[in-house]
Structure formats: C-alpha cells, structure tokens
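**Q** What TrEMBL lists as domain 'Homogentisate 1,2-dioxygenase N-terminal' is 96-250. Per TrEMBL, active site, proton acceptor is recorded for H263. The Fe cation binding site annotation in TrEMBL covers H300, D306, H336. Positions annotated as homogentisate binding site by TrEMBL: H336.
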Amino acid sequence: MPIYHTLGSIPHKRHTQFRKPDGSLYAEELVSTEGFSSLYSLVYHAYPPTIVKELGEPYSVEPKIAREKHLKHTSLIGFNIKPEDDYLQSRKPVLVNSDLHISLAAPRKSMTDYFYKNSQADEVIFIHEGTGTLKTGFGKLKFEYGDYLVIPRGTIYQMEFDGEQNRLFIVESFSPIRTPKRYRNQYGQLMEHAPYCERDIKRPTDLETHDEKGDFKILIKKQGLIYPYIYGTHPFDFVGWDGFHYPWAFSIHDFEPITGRVHQPPPVHQTFEGHNFVICSFVPRKFDYHPLSIPAPYNHSNVDSDEVLYYVDGDFMSRKHVVKGQITLHPGGIPHGPAPGSVEKSIGKEFTEELAVMIDPFRPLMLTEDAVNIEDENYYKSWIS
Ligand SMILES: [Fe+2]
C-alpha cells in the first residue's frame, strides 16, 4: 500500500545497532515483496523471528472442486454456509481459479490458541456482519460492517470478534492487492478523480510489544496446505516498524460513487486490483440524470471475463428476489442482463440504496463442493418472464 507508516520505536538509521535497555540488540527483519523489488517494511523484534521449536504434520485445505468447467449462470445462497466456532475451519472456498479463491465464512469464536499466516496469498476480508479487531505485530485494526481488511501475505494475525454473529466474504489473491493503477499518479498518490483517497485508508494503531518466550502455534498456509509451526517467541514482539507493507482497511461506505447522465460502466466502481481480476464496490448513489436515461444496466456479454456479485444490502434494481449474502456468477461466454421487468421499473428512479461487492476474474472460476451445496439450481432460468 503506497502510504508510508510507522509505529513504535525504530533506530535513526536502518541496518544499524538498535539496542534494548539491557544492551542487547533488537532483531531487525526486512519484510519485502516481489523479491526486493516492491513494497517492504523494516520490523524490529524483541527476538529473532526464526526460532522454530517444532513442526507439526501439514494438512490440506485445498478447495474440493465439484464443477471444473461450466457455462451456466449460477447463484449461491451465501448465508446458508453454516456458522462454525473455529476461524480457519469456518472459511469455505466457493469459487476458485489460479488467480484467486473466493471464500465465505461465518466464524463464531475469536482466535485465541493459535495465530494464522497466509504465505501464499494476500487476503481481502469483507466484513458483512460482525465487529472486532484484527491483531498483528504491526498493531491493531478495528473492523466493522463494510470494511475491507487487506492483509498482505506473510502477515501473522489473529481475528478477535466482539460477538458470535459474523459473516465474512474473503478473497485470497495470489498476486499483490493494489489500488487501481489508473487512480495513482507517478509517485503512487491517489489522484483527485479517484473514488477514495489516502485519508480513507485505516492503518494499524496501538502497537503492543509482546516480549514473551514460550510455545506459540502459528498455522502457516502455503500451496494449499496448513503447516503447524511452534515458535519459541511471541509473533507480536515488534517494538517498532516502518514502511509500506502492512495490513490496512478501507470501508465500502467511504467509496464515493462516480455517476453520470447515462449508465456508467462497471470500471467506475473499481476499488482494488490483482493480477487477472478486479474488485468493485456498488454503493448507494444517484441514478443517471439524462432525461431519457435507463438506470438499470444494459444486457452485456462478458466476452473474456466471469462476473461475481456479492449482495450486501439495499434493494437491487437489476434483480428480483435477491437476499443478503447471495452470490451470482455470470460466466464469460454468454450474455446476462437485468431481470425481466426491471428495466422499465428503473426508469424515473433517482437513487439506489444497493450495496454489493463485485469481482471480475479474467479467467474462468470453478465451483467447489461447498458452492454446489448452497446453489439455487434454477437461477439460470430467472430471465424467463
Ligand atoms: Fe453484469
């Protein structure tokens, strides 16, 4: 994320002696991405982050593919995913390809007896229901309804939920998650025409140094396996850090919609991008104001992209019978469009309260077993009037 941030104590010069009150050295760690060529942070630990005491047996969390190839408009009833106590077990991948995995989760309990690190993917966790705190060595990030938590790969974290009713929509990206390049100037700053700016980015606060030795279980995800590691020092033993690589958050409620006299295309809703996909936010906004405008979207053929919509809240002018947490997947290759009657109905409307997250992957998505279990099988017929 291109905003410099720092918390805690750091030495005046990087890579120089930085000592504890007892005279011993803090342990410096460079956390870098794309080799040494992209964003990085320098972290100062109470102890080296390398003290492995034990390795457990790895186990697979690879998505189980139920439908590898398909050409069918599909809908999933996301809130039919059953709540589960454990955070990691509650995460159910539903739509996957080699660029991203989309999961749903309804975790009931906070993570208390282990830490988690995704070493294969950046995570974007959209908070649909629930509040709490993302705890990391970089500091704490409080989250609430509407937040996108962006957790770069390699960040060790714990989710602390305030209650048991939580609904999460999760994107694991095998490439770095970035703000759209066209919204950044040559120095990385978000420009005036961007729908949000640096002021809207929530950064970690309240760095707490856990200067603790013992047995600390970290479940590390890599190549579809979870590797249980026991480390000898607390992973949140940062005394300070600085740089551009850290977890952050952005609220969908802070996305300023771009509107026009006639229907605006989906890229105006773009919020993030990864390799071969984009994430967009549909937020309450004024409708098109040309005197003959049609606010409902036109039929369209995604010639080379699938389209996933995750319905969050409000009324959806283009579809009937949509419920919160519902997902629609419109695969590239066949057209889709507004539900019968919704075009006429939209004419003259001035405002929409719809709230949704859209993901356009440029390579086809596969459906998992968890996805077909919550499928609305007749959705593909929903355009018959
Ligand atoms: Fe669409």
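Every residue gets a Cβ built from N, Cα and C, even glycine.
Give me the local environment of each listed feature.
**A** Counting only residues at least six positions away in the same chain, the Cβ atoms of D288, S293, I294, P295, P297, Y298 sit under 8 Å from the Cβ of H263 (active site, proton acceptor).
A strand conformation is recorded for H300 (Fe cation binding site) in the three-state DSSP classification.
Around H336 (Fe cation binding site), the same-chain residues at least 6 positions away in sequence with a Cβ under 8 Å from its Cβ are H73, N299, H300, N302, E307, H330, W383.
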**Q** Please identify which of H300, D306 has the densest Cβ environment, defined as other Cβ atoms within 10 Å, among these binding-site residues.
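**A** Checking each of H300, D306, the winner is D306.
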